[in-house]
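Colleague: Straight from Swiss-Prot, here's the annotation block:
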- H54, H58, C128: Fe cation binding site (BINDING)
Amino acid sequence: MPLLDSFKVDHTRMHAPAVRVAKTMTTPKGDTITVFDLRFCVPNKEILPEKGIHTLEHLFAGFMRDHLNGNGVEIIDISPMGCRTGFYMSLIGTPSEQQVADAWLASMQDVLNVKDQSKIPELNEYQCGTYQMHSLAEAQQIAQNVLARKVAVNKNEELTLDEGLLNA
């Protein structure tokens, strides 16, 4: 099985919260697709609670689009990582890490402004596969943590995993 790009970075050196360009690719039509690693937690030290990350998934996707889409950028998808330390965001375009960080911080403020669990989008059995597994309070605690710590930038060249550690 091929070694995926996400496993070629040293998770012991990652900062969080932090944004990282995980991958860029060019489509046959010439569009650039950029995948960002939006790391909310320090790997192997912190983890996002399951109800909070699920609620954040519902809120974050819309709020990030509000703040980042436009001027050659269109978000394709924002999905939580299986390790529950962050999200991957795929988009058309090449915004800077700072633009992404600014949109992320603005989105976290938006999460704090949600007044009631009933305001979580798609919170019903028809649009959500686990609609009862939500916590606005946990999502807001995650948002508060990001706002308090700010968003750094993780650079790939600083995180390259030593080949001797591969498959260790």
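Using the three backbone atoms N, Cα and C, a Cβ is placed for every residue, glycine included.
Walk me through where these features lie, including what they touch and how far apart they are.
Modeller: For H54 (Fe cation binding site), the count of additional Cβ atoms within 10 Å of its Cβ stands at 21 [all protein chains shown].
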Colleague: Sort C128 (Fe cation binding site) into helix, strand or coil using the DSSP assignment.
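Modeller: Assignment for C128 (Fe cation binding site) reads coil.
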Colleague: Taking the centroid of the Cβ atoms of H54, H58, C128 as the Fe cation site, which other residues of that chain lie with their Cβ within 8 Å of it, listed in sequence order?
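Modeller: Output for this site, in sequence order: T55, E57, I120, E122, L123, T130, Y131, M133, H134.
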Colleague: Return the residues near H58 (Fe cation binding site), defined as same-chain residues 6+ apart in sequence whose C-beta is under 8 angstroms from its C-beta, sorted by sequence, else 'none'.
Modeller: I120, P121, E122, L123, C128, H134
Colleague: For C128 (Fe cation binding site), list the number of other Cβ atoms lying within 10 Å of its Cβ atom.
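Modeller: Counting Cβ neighbours of C128 (Fe cation binding site) within 10 Å gives 17.
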